């Protein structure tokens, strides 16, 4: 079994996890904006997310000689370690609920703001829990100022959202009266923009350009989840629910691999990170399949009804969904590998993933284009504070004895 032993190796795992975990939400957002049903997308994503865990377990989990204290993955599957297995599976359930929730929240409040809200709750609750579960191996004088930096970035992100929402409202107000009737009637507007134009903003001059009011309306017309005329409270409520779920999955995984509550029988070794990750991902997969197959026939948020046959035949964007699942699976695995070495509180630095998601939001979806100067100043300030937050949290990492 391969074990990350150095602080440098742990930080490398966390940085790579940060990129992966900040990228996969952009891919699912891309598909929703192109009109693919989120139920179809999440079913595809779930398959490769589990596949990533299996690949990690059968490679890193089988490297080297198995020992009684640190058995390899296949050896540990037969051991009596069900209390720890259950902790790992609980972590997978809450992560799956959180990821599924954010898929709907992205449509209502945007990629960047959703990731900021969920990450902030994860840092405040999850990092604090991990600090005490890890027997305070992280340097508190650095760790908690890092949490404070993250919260400052959250405040800035809220200001960005407020300012950008005002900008978008002004853009929509600028549309001609025949494109609005009290609330915007998107059914009367012409189809001017192709799906690939919507995300990239690379449109010919006669098309609606990213950052304009017409672009926003055309996007609403094509996307799967319709948000015009609906309260943003729905999206914010989903965000907070997802944040609470995210804050619990890492502490649950921590308990699964380190047995701080002494639930294992004497002589039974702790779950190695690869075995725990396999059970974690398995439960994540099962709950995702159950919920999304249910949502095919009983959709939420006014989405159209679908079927399992329609899902199987829907190949539009399937490759992107598969890639998102791999990125999330490998990202979570790397986070846990780094956390096992340096402490899960420090590994929560990957919750600075809104830094990456905001980058993709600007590059792919044209977020903040043609916004006000105030919005740009707040956006730069937010990104700077995220950089400071992740650096401080990583500097707090200790070394597990």
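Backbone N, Cα and C atoms are what each Cβ position is placed from, and that goes for glycine too.
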If TrEMBL is the reference, give me the range from 196-215, 376-395 marked as transmembrane segment.
376-395
Annotated stretch (transmembrane segment, per TrEMBL) among the listed ranges 63-80, 81-98:
81-98
Counting a contact as 3 or more Cβ pairs under 8 Å, with residues at least 6 apart in sequence, do the transmembrane segment (273-298) and the transmembrane segment (376-395) touch?
no
Are there 3 or more C-beta pairs under 8 Å linking the transmembrane segment (231-253) with the transmembrane segment (81-98), counting only pairs at least 6 apart in sequence?
yes
Can you tell me which recorded stretch out of 42-61, 105-130, 142-161, 376-395 has the most Cβ pairs within less than 8 Å of the transmembrane segment (231-253)?
105-130
At least three Cβ pairs under 8 Å linking the transmembrane segment (376-395) and the transmembrane segment (142-161), pairs spaced 6 or more in sequence?
yes
